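Undergrad: Could you have a look at this structure, given as structure tokens, before my questions?
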Amino acid sequence: MCSLLRLRAGARVAAAALNRGPGPGRRARTPLKVGDRALPGHVLLSQSLGTSAALRKDFMKEVESQLSSIKQTALDALPGSSWTPLQVNPNLPPERADIVIVGGGVVGWSVAYWLKQKERVREEVKVVVVERDPTYSRASTVLSAGGIRQQFSLSENILLSLHSAHFMRNINDHLGVLHEEPVDLHFNHSGYLFLASEEGAHIMEENYRTQRYAGAKVSLLSPTQLKEKFPWINTDGVVLASYGLENEGWFDPWTLLSAFRRKAISMGVIPCSGEVTGCQYQTNTVSTRDGDQVTLRRIRSVKVQMPNSLEYQPIECSVVVNAAGAFSAKLAQILGIGNGPEDSMAGLPVPVEPRKRYIYVMHCPDGPGLDTPFLIDYSGVYFRREGLGGNYIAGLSPQTDEEPDTRDLEVDHQFFEEQVWPSLAHRVPAFESLKVTSAWAGFYDYNTFDQNGLIGMHPLVNNMYFATGFSGHGLQHSPAVGRGVAELIMEGGYKTIDLSALDFRRILHQEPMLERNII
Amino acid sequence: MLKILIPTMMLIPTTWLAPSKHIWPSALAHSLIIAIFSLLWLSSPGETGWWLLSNLMALDPLSTPLLVLTCWLLPLMILASQNHTSAEPVNRQRMYLMLLTSLQIFLIIAFSATEVLLFYVMFEATLIPTLILITRWGSQGERLNAGTYFLFYTLAASLPLLVALLILQKTTGSLSLLPLPYAAAFPLISVADKLWWAGCLLAFLVKMPLYGMHLWLPKAHVEAPIAGSMILAAVLLKLGGYGMMRMMVVLEPLTKELSYPFIILALWGVIMTGSVCLRQTDLKSLIAYSSVGHMGLVAGGILIQTPWGFTGALILMIAHGLTSSALLCLANTNYERTHTRTMMLARGMQMLLPLMTSWWFIATLANLALPPLPNLMGELMIITSLFNWSWMTIVLTGGGTLITAGYSLYMFLMTQRGPVPQHILALNPSHTREHLLLALHLLPLLLLILNPTLVWGWTA
């Protein structure tokens, strides 16, 4: 019965998506005209130049607006004030919630959406998402370059990206809200291009095999093939290249975040602006098989502080999800994870810290053309096309000993001059003359242990799930990670992708799962 | 009678004067002794209708089982509340115990009252401690809403009852229950008499609750602390049933026609609340709606006015009181560990707390009226007497029984079977106190299989 309801709900969304006005690949209300191209499976391909109003007249919305205006006139006519005996701050989060997601970035909202997607009855679980900065000024999501690739060496990462790409290609089936604009991620399917030198070629070949086995559509190119395909590349020093043919490219992270947020809120998730500054937990001391005493904690309530105010609200909750990104370790510290003797389980902190990365926007009118992929050189430098006006964005991960200061988000332009530009100009001769128009910096939620995501429960805190530490690929994995965490919470185990290799056990056993990428 | 009432009143000084580490053990022991002594009431003389007769209070086969249930429930409530009140300051714990005790006193006087007006005053008096329990010790902000619904539904319906009782006093000259069945039948023909009939019954129907006026019950149950929920489900709803059974004798001959819509509403309520239970996500809310369904059957059985109907209603009231209270205690053990009432987030408990599963199983089977438990006896007698009145009711009662079995099993399978989520893997093991609590709920239920004559009222 419940799957029937879900099917009907899915069909409703799909029907709404189909019945919307002209959009890419949607059935148009106007009859077919000569010259309209049709894609197999879709009726019409016509572009809509985006509007900001709802695309369809909604009867219920009009009725509601009329009723509220009538109510307002009636209230104005009556004497009296709007005082109530219970003076409550309407911005406060609820006193009780089933699941509290700390962190309103793309991973947090993805988890919220999937939790609501997986519930069988409306309002089965009460989900609250707590985000301390509604302007997202320091959040990794919106400052990201927005790329998505399947060219990893770990099959979990490949599968996560693949599933996320499929999700984003059909995003309106998932995140479309009735009577609202469809989601347009500006997904440029231009692919990633990895270049390998002599030393890294064999790693690239092994990765290629793993990627093909997992289902990614990647192809290897020799230097001559590379020069044929992309004549603007200088193939000096390049021995092998790996080019993603499908499901790779870049998209707009802000749109993805807003889409997740809008859909989750429409399904009943409660957003809250505030910072988690404390929590109440109950402890239980148990002894392991070796006789060591371990303190297990169970979070009873999470204290949320309102922005710019002394007001706070403790939210009694059953499950907490830590999706705080670069600042996850701070949240974990509130719980006392990491305070303990060095060798024990209790002494292991959550190994996630913010690392600053710069992105520079350059303008080069003679640069590579529209089919430029997201190019990653073996020196570590990367660039991609941005928009249609000859702009590109570029960056480079600094050496481990030269990590920039993470106290602020100031950009170091010297870094571009000294480290990025030379490699860029060497690889793409057209970039010898370019102009840096703008730059910004953002944080990676860098997993200092092995630079791969941490998903799962902490062994010492019985009801806190982590979904953090993705070290630069959180955005591209976010739909699939959200689904994984929701499956963990609601169904007790992974159902679509098995992510159990990414949980805390590898940190306990000190067995890092490193990416064998050539960067 | 005073043998039980005076010790219960003395429980109040006990809670206030006992040193802080002895409050709970002494209150528990005191109330347990009172409960065991109250079992003596079950040995009835048999011939006369009333025994232990005095001016104001008496026992008869209708009130004895309910009184024993009330006295039995107090130690169980004290056992259940020990954990969640342990974090509070001592004086608040004493206050809590005093509220429970005062509720107990009012209920004992209500069930043993020989004067209908005394019953009415005690009926109203029970509202106050319950309201304080719900609004002060409830866990969420919605408890204020719940308290308001609870108070005003019952109050609004019982004011007409006061007027009706005063009219009855004027016509008969006395409101004592002893001569009331032998009073001459009144010529009840005018519309005002019909309104009087409705006024007599409305308060009890809202209290039961009848399906159309049941909105207060799920709210009150969900927001109340465990002891509040227990007393609400087990005894306060039965006040409505008991009041109806007492008042039926004077409401002849109007009941034959006027009860028609209420019987249908009650039976329809069984189906509707059962269907609601099938899609409930909140465990306590599910149990609350199931209470509405069972009490709908009780209301139908009482309104049908046959010996089998009355007997079935009484047995079902006692059995449902024990079962519902047991289920609420089980839900509370879940809530204290996982801190959520959502069934989806606390599944697969059989793997974690297998002994609790056995209690869940027995309580679920009792809820779905498995033979030979008294739940089935009561339901079967009510269904039979309704069928005798009209064969069409079998559709509603049969469908209702089916849906009841459906949602009871759904509740069991959701909480006990299924995949175990990782966030409840490390739970506190079951306390002996919890096992004792559930044993004391379910053992009397199982023992009643062997001697149901104790609780089946006048048809002994």
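Residue numbering: from 1, along the chain as shown.
Quick reminder: no glycine exception, Cβ is built from N, Cα and C everywhere.
According to TrEMBL, the protein has these features:
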type	residues	note
DOMAIN	B:1-110	domain 'NADH:ubiquinone oxidoreductase chain 4 N-terminal'
TRANSMEM	B:23-42	transmembrane segment
TRANSMEM	B:62-81	transmembrane segment
TRANSMEM	B:93-111	transmembrane segment
DOMAIN	B:113-403	domain 'NADH:quinone oxidoreductase/Mrp antiporter transmembrane'
TRANSMEM	B:117-137	transmembrane segment
TRANSMEM	B:149-168	transmembrane segment
TRANSMEM	B:226-245	transmembrane segment
TRANSMEM	B:260-279	transmembrane segment
TRANSMEM	B:286-304	transmembrane segment
TRANSMEM	B:310-331	transmembrane segment
TRANSMEM	B:352-370	transmembrane segment
TRANSMEM	B:390-415	transmembrane segment
TRANSMEM	B:436-458	transmembrane segment
Undergrad: Can you work out the mean pLDDT of the predicted model over the domain 'NADH:ubiquinone oxidoreductase chain 4 N-terminal' (B:1-110)?
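TA: Its mean pLDDT is 92.
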Undergrad: At a C-beta cut-off of under 8 Å, are there same-chain residues at least 6 beyond the transmembrane segment (B:352-370) that contact it? List them, or none.
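TA: Those are 290, 319, 322-324, 326-327, 330, 333, 376, 379, 401, 404-405, 408-409, 411-412, 415-416, 420, 424-425, 427, 429-430, 434-435, 438, 441-442, 445-446, in sequence order.
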Undergrad: For the transmembrane segment (B:62-81), what are the same-chain contacts with Cβ under 8 Å, counting residues 6+ beyond its ends?
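TA: Distant Cβ neighbours of the transmembrane segment (B:62-81) are 4, 8, 24, 27-28, 31-32, 34-35, 38-39, 41-42, 44, 96-97, 100-101, 104, 107-108, 111-112, 225-227, 230-231, 234-235, 238, 242, 245-246, 314, 317-318, 321-322, 325, 329, 332, 433, 436-437, 440-441, 444, 454-455, 457-458.
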Undergrad: Of the residues in the domain 'NADH:ubiquinone oxidoreductase chain 4 N-terminal' (B:1-110), how many are helix, strand and coil by DSSP?
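TA: Per DSSP, the residues of the domain 'NADH:ubiquinone oxidoreductase chain 4 N-terminal' (B:1-110) fall into 79 helix, 3 strand, 28 coil.
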